Amino acid sequence: MATDEAFSGPISESVPTSATSFAYQRPRQRQGSIASFTYFQDEQESPEYSDEAIEDVSDDEDLFMANGHNQDLEAGTTSPRRKSSGRDRDNEDAPLLRRTESGKPDIQEHEEGGAFSQKFYIQSEDLTMVVAGFSTSSLGFFAYLVICCLTAGIGYLVFRWIPRWRIRLIGTPTPLEKCTWVVVENQWGEFTVHDVTSEEYGYPMSTVFNRPSKEQLNGHRYDYEEDLKELRFLDYRYMRFIYHPHQDKFVLNNDWWDPQWTDVKAMKQGLDSEERDPRDQVFGKNVIEIRQKTIPELLLDEAFHPFYIFQIASLLLWSFDEYYYYAGAIFLISVFSIATTVIETKSTMQRLSEISRFECDVRVLRNGFWRQSTSGDLVPGDVYEVSDPSLSQLPCDSLLLAGDCIINESMLTGESIPVSKVPLTDDVVNYVDLGATSVHPIVARHFLFCGTKIIRARRPQDEDDDEAVALAVVVRTGFNTTKGALVRSMLFPKPSGFKFYRDSFRYIGVMGCIAAIGFVASFVNFVKLGLKWHLIVVRALDLITIVVPPALPATLTIGTNFALGRLRKKQIFCISPQRVNVAGKLDVVCFDKTGTLTEDGLDVLGVRLVQHPEIRFSDTVEEVHDLLPPAPYDRDPTVNYRVNKNMLYTMATCHSLRMVDEELIGDPLDLKMFQFTDWNFEEGSQKTMHFVEHGTHQPAPSVTKPPSGMEYDLEDSQNNENPIPIELAVLKQFEFVSHLRRASVVVRQNGDPGISIYAKGAPEVMKDICTPSSIPADFEDLLNFYTHKGYRVIACASKYVSRMKWQEIQALDRSEAESRLQLTGFIIFENKLKEITTEIIEELNEAKIRTVMCTGDNILTAISVARECDLIDRDAHCYYPHFVEGDKMDPKAQLSWESVDNNLYQLDSETLLPVPIPVEHDTSAPYDALANTDYTLAVTGDAFRWIVDYGASNMLKRMLVKGHVFARMSPDEKAELIEKLQSIDYTCGFCGDGANDCGALKAADVGVSLSEAEASVAAPFTSHIFDISCVPILIKEGRAALVTSFCCFKYMSLYSAIQFTSVSFLYASASNLGDFQFLFIDLALILPIAIFMGWTGAYPQLSKKRPTANLVSRKVLTPLLGQIVLCILVQAVAFKTVHWQSWYIPPKLNKKKSNVDNSQNTALFLVSCYQYILSGIVLSIGPPFRESMRKNVPFCVTIVITLAFSLYMLLDPAKPLQKFMDLTDMSWDYELFLLALAIVGFIIAYLAERHLFQPLAKWIGKTRATLRPSRSKKRKQYKEIIEEMQ
């Protein structure tokens, strides 16, 4: 009985959820989600959720989690907590049974004892779900079978469409510990039924569940070495939930951590067969294998869809009415449609399955010996060889234990820059938390993500062990891995909540009501005429098939499908088709700076050194030869070159570059900096083992050497007969971390027992870790000078420790290493704009689409770049904040806003409005004549953090509206900015190119990743064009798709209204349209016109106007209703005038069959043909959102051919055609009258659509607002805020 709905559709609408290890933030609550559940009721306000990977929403939740830190590990700060709304459900969703208070808000007890249902929040999936236990009632199941049989299958369909009714009938609520199947309901109201699998187990509970952080729970002590006799679990969306007998609920097992993994040595032991078998039973095979539905299952799902059931009912109805040809044609079309959908779904699933499934041979350490095995047999705790040459892709989530790797993680981040991985150390083990939503930055250096590609893997460069290999320990397998989360996000996309699709089905419901009215009216009329009962019922029901066009849902996707095809041709790929329409509604687009607005590579403009003993900056050094001249005669005897040497050594060593196939790869900034030095880089190998201290297991370090001719230190070689060549070995590296904004290395010179520490980072950060005596007085002035001009400035610092052993180096803490440094100087990078950036920003500005820069760079650099590309007005004031008192962590801190060009100009710290300038100041300075409203804000990450956490709500909203530059923003803050913009009703896009943008790309309504990957977890859109030109293209196509959807919707609605009108007039005298007349209208007219109407491309120029996305708005319904009225009037004239003709053939009343051969039928059919065709022209909207209709060649050809054939049928049809189409003879003058009537009707409809209906809609809106101001349309918040600040 129980079914497992493993696949809810092919890749249709999805904003890919955060992969478990790359979830930077919690997505906002989407429209359409529910806050209460059928089988779970919150007694009080919905609970708050902490930032864990999965939460059983409970007061004791910290006791159930192994490592419940409740903080964002990357930022190192406590994350804000989520609250849910608490609106009630409708009565039909009332709970099935009385609930008793359990004392735990995440569990609700059965009245006989034990938990009946529980509530989860799974952070990594942004999924709230309730699991309720049931067992099958024999009596209920028998009643279910009886109902299905007695109703000839109709009961089965109803129960299939409304699963709550089926569950209520056959299910008996049962405690979770005894239930045989469960119902899972998520926040979108989706119901699925799943079997609970029970298997014999007999191993300790610690092999299945994590130990709680506290040993005592609710007064009971749990022994996790106690054997678990029975393993009970359910699989939902490829996530395994295992029943915990002590906690009386199901728990997710993707964060399991072996208690024996206390250090690296313990992890290297691997598993024996006895340990492996239970883990295989608990976690399953290490394959991401999608359960594909068979062809019969897919056919059943498609054929039992309400749309096709409606089609089947219509076919039966038409057959009873002897419309055999029409019914046969629609049947063939339906079969073709079902077959096409099934084949497409099957091929999509097959393609996704091929991409997802990966299995290879690996060398595994099992029972203390290496053996060959398949990756599918890996389980958590297995140790395998990463340096195996045949291994090109990582088969699971792992921790690197030995050796080093270079990995391409573009599948996760969209960024193709390879990432270096180094072995795990004992001090890092405590930071590993598989249950967290993001990997701690310290752990990320050692974490190997499933599905990422191995560029290079090397065994440890240890001369004492020739047999050493690169090792990794498996920590997550199958769908629990990062790749598994990506595949799951594609399989189970979140509903978009886009109003257009909901409104379309509401409209269908309204049309159904109209059909019901027509049903009653025609029923009464037919009874009066004395028709046979079967004809009365068939005719009345036929109205419903006319009013509700069955092809309407399909036509809504035509515009989107054509737009996707055009986007693919322009190298823009999409994994979320419905986001195309959302792109047409964008109000604001946020851009990353480096690599998005500017070039990836930053050219080194020069170096400014801190000269000693003056402690002032030198002139710009533009060549490495001038930085440290190789010859004595080139050196100035008055200059101390120690600082020059430290700067050169910093540039040569403080980077994350790696050598692969004789080519340096890594961060573009690091690469440019290193290339400036002309030095040589050598990866750690046997050649660099002379740096390794004897008796240690130190890996071979990477070494940098000067170019030929500069091998020796000039000062050392002058008085030394045997000088030692310069070789700088990097013994330890503290990589760049976004919230620290710096990186450093511990370096040893060949033959020197001491070590040097070289660091580089953001100047304002480096200033804090340097000794004050090394900071020049003009530090800020010089920094402002360069950043004002748009240059990127990196500060460098160093210190020397006279003696330090390897063990001391490994124990060296980052905070200790990066303290009491001596400032060395600045490296100035020139970051050029991409050629097309300014043009695109101007195009967006002209279209009144707001543009925002969101970067991690210095605020003055960001402002300069923003002005250079016209993102902000070059002549307008730009105000930026600084703390007058306190800092971002101080609730009582005070911000001051000053103009970046003239600090006399300031903003009120509360209202963010300009403060009047004192009269005594000269007003002739530049910018003084600017209007007060023409200003923008540039906000630092620290100020943004303080305003969000402690600022007034009004201040935050005004900052969001006026802020155009957001600098020094961390990845979390970028994502939070997007969510805050959305909170004031902006439809927000984000365009970025790297890992730092992942959170923002996912949070945005439309995220565009500039990446080589065709699809990644980073964003729903991926552009292979590495500049922002893809943004206006996407907006144009989105607008065109949205308008096309509206055009097709209005056309299909008007088509059903025209046909409804014709049939209603004919029903008055028991007549109807003929079989082939219906066939001609649907197949020869409607189908090609509706399809080719969507062929029209996007208009090449972005307009200031925005298309509406509200189907039930006056802008849409007023013209539609107006067109319906005009069509009714035209048919009424034809229907009335044909009675006056001398040759008029009246319908003959046949109580058993409808009469077709009459003049009413002929007149209405012929005039309606023109209405169907010409309505396509009237409703085919061109500029400013789509190209002119004239450029749509297939549409124009279709219109010409159908008009010509209709004219032929009207004026001079051949006798066989006349008989075939059930046409009667008419006079020549009346035929011309019908032609003129159709033309006049078209002209009126065309002019009214362009010039009458829209003003009428505005007048109706104003009148309604005047008469009922309380029900006026709610304006977007950001528009109201802008008006307040005028």
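The backbone N, Cα and C atoms fix where each Cβ goes, glycine too.
The shown structure was predicted, so the numbers you read here are calculated from the model rather than taken from an experiment.
Record features, source TrEMBL:
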REGION    1-110  region 'Disordered'
COMPBIAS  14-23  compositional bias 'Polar residues'
COMPBIAS  30-41  compositional bias 'Polar residues'
COMPBIAS  42-63  compositional bias 'Acidic residues'
COMPBIAS  85-110  compositional bias 'Basic and acidic residues'
DOMAIN    125-244  domain 'P5B-type ATPase N-terminal'
TRANSMEM  139-159  transmembrane segment
DOMAIN    267-317  domain 'Cation-transporting P-type ATPase N-terminal'
TRANSMEM  298-317  transmembrane segment
TRANSMEM  323-343  transmembrane segment
DOMAIN    361-490  domain 'P-type ATPase A'
TRANSMEM  507-531  transmembrane segment
TRANSMEM  543-564  transmembrane segment
REGION    696-716  region 'Disordered'
TRANSMEM  1052-1070  transmembrane segment
TRANSMEM  1076-1099  transmembrane segment
DOMAIN    1076-1247  domain 'Cation-transporting P-type ATPase C-terminal'
TRANSMEM  1120-1143  transmembrane segment
TRANSMEM  1163-1181  transmembrane segment
TRANSMEM  1193-1210  transmembrane segment
TRANSMEM  1230-1248  transmembrane segment
Whether the transmembrane segment (1076-1099) meets the transmembrane segment (1193-1210): three or more C-beta pairs under 8 angstroms: yes
Secondary structure content, the domain 'Cation-transporting P-type ATPase N-terminal' (267-317) (per DSSP, counts of residues): 33 helix, 1 strand, 17 coil
Cβ-Cβ under 8 Å with the transmembrane segment (1052-1070): same-chain residues at least 6 beyond its ends: 507, 511, 514-515, 518, 521-522, 525-526, 529, 531, 539, 542-543, 546-549, 551-552, 555, 1081, 1086, 1090, 1120, 1123-1124, 1127-1128, 1131-1132, 1135, 1146-1147, 1149-1150, 1154-1155, 1160-1161, 1164-1165, 1168, 1171-1172, 1175, 1179
The domain 'P5B-type ATPase N-terminal' (125-244) - residue tally per DSSP class, helix then strand then coil: 33 helix, 52 strand, 35 coil
Close approaches to the transmembrane segment (1163-1181) from elsewhere in its chain (Cβ under 8 angstroms; 6 or more beyond its ends): 1043, 1046-1047, 1050-1051, 1054-1055, 1058-1059, 1061-1062, 1065-1066, 1073-1074, 1077, 1080-1081, 1085-1086, 1089-1090, 1093, 1096, 1123, 1127, 1130-1131, 1134-1135, 1137-1138, 1189, 1192, 1195, 1199, 1202-1203, 1206, 1209-1210, 1221, 1223, 1226, 1234-1235, 1237-1239, 1241-1242, 1245-1246, 1249
Averaged pLDDT, computed only over the residues in the domain 'Cation-transporting P-type ATPase C-terminal' (1076-1247): 92
Same-chain residues at least 6 beyond the ends of the transmembrane segment (1120-1143) whose Cβ lies under 8 Å from its Cβ atoms: 1050, 1053-1054, 1057-1058, 1061-1062, 1065, 1159-1160, 1162-1164, 1167-1168, 1171, 1175, 1178-1179, 1225-1227, 1230, 1233-1234, 1237-1238, 1241, 1244-1245, 1248-1249, 1252-1253, 1256
Secondary structure content, the region 'Disordered' (696-716) (per DSSP, counts of residues): 3 helix, 5 strand, 13 coil
Structural state census, the domain 'P-type ATPase A' (361-490) (DSSP three-state): 27 helix, 45 strand, 58 coil
